[in-house]
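Enquirer: Just passing along the structure, written as structure tokens.
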Amino acid sequence: MKFTPPPASLRNPLIIPEKIMMGPGPSNCSKRVLTAMTNTVLSNFHAELFRTMDEVKDGLRYIFQTENRATMCVSGSAHAGMEAMLSNLLEEGDRVLIAVNGIWAERAVEMSERYGADVRTIEGPPDRPFSLETLARAIELHQPKCLFLTHGDSSSGLLQPLEGVGQICHQHDCLLIVDAVASLCGVPFYMDKWEIDAVYTGAQKVLGAPPGITPISISPKALDVIRNRRTKSKVFYWDLLLLGNYWGCYDEPKRYHHTVASNLIFALREALAQIAEEGLENQIKRRIECAQILYEGLGKMGLDIFVKDPRHRLPTVTGIMIPKGVDWWKVSQYAMNNFSLEVQGGLGPTFGKAWRVGIMGECSTVQKIQFYLYGFKESLKATHPDYIFEESNGFH
């Protein structure tokens, strides 16, 4: 037998330097979470795997604040959660209303169109949320099957209020789908109390777990819609009836669906255990306090926040306006090269306009915020010696 020679690049050891991940995600994981991934790989029907999956479901119901039986994980990053919700709840010709003021709602538009949905949109500026009145008028006008909202937009640092939206949706026989990828465990979230029908979040964001697994939950009302589809879900991999069966959500004998990443489930279990040990209230309070320290520190540098109204700022992701004449990329590169500090640029509506800093995972402490402020300031000084640090007036 003859084969091509092995690649020379694989003869070298794998060396990944430590980085302080203070962008909008993924975030740094704790040693406890990383160690969990070193457990032995388990097969699809090992009892220890099913026990851990049950514990993960318990933890997810806690952080979502729900009693939903159909609470589970899909394999893939947070985009997988968006795909799973839209592909299961929408059929060809179904009308969906998407509130667009950031890149994630734009992605939802594209995905919904690919499934043949009748997509209607309302659009708003990326630094201001939609009012309850605006959403109510749009629902009354379009009479959609589903409304899609982004709770916390990591492309801008905007927080969308949700209280009251679910009630309005249900008055018009509409399901509420929520993207809580960047917000969950950083601000209050009550799935059942707020009458949310479908939600997904990102393991690699505030939760502090690795990417590649996405927690989701669907209400009994949404589950009934899926069970009564005219056609099967177009994507076998995201079929929540099949996947939910494997996760033990439906009081049925479990059937193999696909090979899950057992070691990511172990890691997520430990991340959820850490949240449970500290308590949701304390987790959220800590991140809000860290965000306030960040705001004050940036204000002393003369920097402005992309979302002007403090009531609408997402504590877990802050957009920092790039001053005129400043090369944002030089600042980011200097911070990484000299401090191993991630200073990430904007995305979507903030690309070229703002940096984005995340208060997520292990980077949600006063010490980490102080280090970020120091590294960011030194990077700005080194790359732009003429920049004048004058305290901003519009910061508090």
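Just so you know, glycine gets a Cβ as well, placed from its N, Cα and C.
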Enquirer: Kindly point out which candidate in GLN204, GLN283, GLN292, GLN333 is recorded by Swiss-Prot as part of the pyridoxal 5'-phosphate site with SER77, ALA78, HIS79, SER154, TYR256, THR259.
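Expert: Swiss-Prot names GLN204 for this pyridoxal 5'-phosphate site.
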Enquirer: Going by what Swiss-Prot says, which of LYS57, LYS205, LYS285, LYS300 is noted as N6-(pyridoxal phosphate)lysine?
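Expert: Among LYS57, LYS205, LYS285, LYS300, the one Swiss-Prot marks as N6-(pyridoxal phosphate)lysine is LYS205.
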Enquirer: Please identify, from the binding-site residues SER77, SER154, GLN204, THR259, the residue with the sparsest Cβ neighbourhood, meaning fewest other Cβ atoms within 10 angstroms.
Expert: THR259
Enquirer: If you measure SER77 (pyridoxal 5'-phosphate binding site) to LYS205 (N6-(pyridoxal phosphate)lysine) at Cα, how many Å is it?
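Expert: Pair distance, Cα basis, whole Å: 10 Å.
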Enquirer: Which secondary structure state does DSSP assign to SER154 (pyridoxal 5'-phosphate binding site), in the simple three-class scheme?
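Expert: Note: SER154 (pyridoxal 5'-phosphate binding site) is coil by DSSP, not helix or strand.
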Enquirer: According to DSSP, collapsed to three classes, what secondary structure does LYS205 (N6-(pyridoxal phosphate)lysine) have?
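Expert: Going by the DSSP assignment, LYS205 (N6-(pyridoxal phosphate)lysine) belongs to neither helix nor strand, so it counts as coil.
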Enquirer: What is the total of other Cβ atoms whose distance to the Cβ of ARG356 (substrate binding site) is within 10 Å?
Expert: 24
